[in-house]
Every structure is written in structure tokens, then in C-alpha cells.
Amino acid sequence: LQESESENKLDGETASDSEGKSDFGGSSAVPTSDDTPEVLNRALSNLSSRWKNWWVRGILTLAMITFFFIIIYLGPMVLMTIVMCVQIKCFHEIITIGYNVYHSYDLPWFRTLSWYFLLCVNYFFYGETVTDYFFTLVQREEPLRILSKYHRFISFALYLTGFCMFVLSLVKKHYRLQFYMFGWTHVTLLIVVTQSHLIIHNLFEGMIWFIVPISCVICNDIMAYMFGFFFGRTPLIKLSPKKTWEGFIGGFFSTVLFGLLLSYVMSGYRCFTCPVEFNNDTNSFTVDCEPSELFQLQEYNIPVVLQSVLGWKTVRMYPFQIHSIALSTFASLIGPFGGFFASGFKRAFKIKDFANTIPGHGGIMDRFDCQYLMATFVNVYIASFIRGPNPSKLIQQFLTLRPDQQLHIFNTLKAHLVDRGVLGSLEDA
């Protein structure tokens, strides 16, 4: 009873305090129930609630990790499908909270409009991705070529239709509530859809850019929980009273070490390091290439201070392992703030979890609150420090130009190479 009362307290208040009523009447809290499977309840009935929660979370975590390995084995297309499914479920959880909190079930058209806007935004982002990564296929098919050429106009027209439908649905007695929900929907789209789109972009750079960041966040979440559970004494942040400094610091060092080891293992396999590309001949994805310098072992000098401690002067590492330190550091130091943000959101509306989808863990959004922030960082990191011009994409676009345009580019490039002395040396060779 004491544990349940302490979990219901939000910064010294209970759910029945002054903020327990929403602006539109009624309690803003969304009730939660025990969603633990009955078989686990019976098996763990003799344990205290603390240890029962530990075992439930542990068993479900192992199940989710197993599922994660399975979808990785099934390949890029399955991964992209899973990302889409996770995005839709996260959107559903957040929108449902809005409906419950603001009692907006009876708003005309609004549930339909929310999903319509989700469709519009996905059409825009995935259309951009198809045009970028499947350019040759798009140019080969007449309907796809037309859709690609006018993609942004079509996307804008679709959104404009939804916007007009929203204006026409405005009802005098619900004006403020309808604009609340309009803003709620668009912020949700910004957080969920935009960042899930970035996850797919990271995946196309190579599965290692997808797996390592996600695994680092998972590792940090698990190790922070473990260190906090067994050694936690010092509270970290009021938004999450159960988070401790011991868990935060233990999770950091564990995640950095895990990132280094995982990167070393994965850097030796082309199926993880090669960019995901579409083969026009077989109409399928390929992940075969000559590994770049990031994934070739190189020798590094160990700082003099550490040489006497380690007994080594040099160490052989993949350059990607150095980048993994940046990724794992972000996952363990900044990534948790995505979870703190989600905790603040849930406390603002006096709910424990986004949903009851995963026993012991809450909803899908409860598991992906840090992943979305991590995906944005990885995309920015790749664009800033890794990605360069892609010759194959340039050639694909060059081949779709008119002959006179191709000739103009050829002459310009030839003159440039002659001026630099490159073309002459090639002809001599």
C-alpha cells in the first residue's frame, strides 16, 4: 500500500490534488491496471512487489531483445516495416491520451483528421525516401515518375485538404478544445513521424548505424536500472524519483564499454557495414560492398600516460569504434533526457504509462522515448562527420538527363579535370 501511494505522488501531490481536474472538467488521469500475465502473477506470487517488478521487467526485456535479434536477421525491409508499425502505435498512444485528457471523443471529425494528417505526413516523408534511394526504379515506371515529379505539390494538396476539413469542422462551443487537439496532433507528428523517418535514413547508411545506437540505448536503460536497483541511493531528478546517480553513472560506463565491444564485432561483417542499396536488376535490397576506411582495422598509438598501465604502445581498432564512443556517450548522458521529458509529460497528465501494451514496461512509447532522440542525433552526426557525396546517386541522376544536358556536364567536367591535370595523367597512364 505504501509503495502504491508513493508511486501516485507527483512532486508531493497525489492524483486527487488541485491539478486532478482538467481545464474541461473531469479527472485528467487515465486509469491504469495490472497488465502482468496471469502465469507470471502466479509464478511470482511469493515475492515482494519490488522483486516481482524486477522479474517481470527482466523476463519481458529478454523477450523484446530476442524479438529485436529476429527482425535484424530478417533484413532491412522487415526493419523498415517494424519502424512504421512502432511509429503508428506511438502516435496512437499519444493521441489517445489527448482524447482521454480533454474528453474529446465527441469532437466532429477529429479522430479521422488525426489519422488523416498522419497519412499525409508519412506520404510526404516516405515519398522523399523512395525518390532518393530508389531513383532508377522510379524513373523506370511511368506512374511513379509522375508521382515523384509532383510529389511535394501532391503532399501539400493532401495536407491542405485536411486543413480545410479542420476549419469546416469547427463548432462554436468547442473552438478552444479543437485547437488544443489540432496542436496536440501536430506536435505528436513532429516528435514521432519525423524522427522515425530519420531512423530509416540511418538504416540506409548501413545497418550498423541502426543497430549500434539502438543497442546502446537499450544497454544504458538496462544497466542504469540494474545499478540503480542494487546500488541506488542518491536521487537523480525529481521528474523520475526512482532514477539515481549510481544508476546514471553505472549506465554510462557500461554503455561506453558495450558500444566499443559491439562495434568491434559488427565492423567485421559487410552485411552490417555496407549501405543498404536497391538492386534494380533483382528488384531487391543488397548490402554488399568494399568496406570503407571506417571499417578497416588501423593501428593507433596509446597515450603515454596509459602505456605504463596497459603495457601496450599501440592498439588495433576500427575507426568506427571511436565514433561509437560518441554514440554511446550521447545514449547514456543525453538520451535519458528523452525519458525525463516523457516522465514530465506523463506527470503533467497524471498517468503512469503511455499504455499497457508491454507488461512491466508500459506502452511502446515508454520504450522508445529515448530512441527517437537518439535517432535524431545519429542522423545529424552522420550528416556532419561521416556522409560524403554518393557517386552512384549522381550517376543515376546524370543518366536521366537529356542528351544535351549530359553533354554540357561532360564538357564542363572534362575542362575541370584538364585544368587540374587529372585527365592528362589518366590519358598518359
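In case you wondered, yes, glycine gets a Cβ from its N, Cα and C as well.
Unlike curated entries, TrEMBL annotations are predicted automatically.
Residues or ranges marked as compositional bias 'Basic and acidic residues' in TrEMBL: 1-22.
Positions annotated as region 'Disordered' by TrEMBL: 1-35.
With a threshold of 8 Å between CB atoms, the same-chain residues lying at least 6 positions outside the transmembrane segment (109-126) that come near it are 84, 87-88, 91, 95, 99, 151-152, 154-155, 158-159, 162, 165-166, 169, 178, 181, 185-186, 189, 193-194, 197. As annotated by TrEMBL, transmembrane segment applies to 109-126 (among others).
Annotated transmembrane segment per TrEMBL: 153-171 (among others), in sequence order.
Panel annotation: around the transmembrane segment (178-200), residues 80, 83-84, 86-87, 90-91, 94-95, 98, 102, 104, 107, 110, 113-114, 117-118, 121-122, 125-126, 129, 166, 169-171, 210, 371-373, 375-376, 378-379 of the same chain, lying at least six beyond its termini, place a Cβ under 8 Å from a Cβ of the stretch. Under the heading transmembrane segment, TrEMBL lists 178-200 (among others).
Feature annotation from TrEMBL assigns transmembrane segment to 206-232 (among others).
The transmembrane segment annotation in TrEMBL covers 244-266 (among others). Beyond the transmembrane segment (244-266), the same-chain residues lying 6 or more positions past its ends with a Cβ under 8 Å from any Cβ of the stretch are 208, 211-212, 215-216, 219-221, 223-229, 231-236, 272-273, 317-318, 320-321, 323-325, 327-329, 331-333, 336.
Note on the transmembrane segment (320-342): residues 208, 212-213, 216-217, 219-221, 224, 237, 239-240, 243, 248, 251-252, 255-256, 258-260, 262-264, 267, 273, 294-295, 354, 365-366, 369-374, 377-378, 381, 385-386 of its chain, located 6 or more positions outside it, place their CB under 8 angstroms from a CB of the stretch. Residues or ranges marked as transmembrane segment in TrEMBL: 320-342 (among others).
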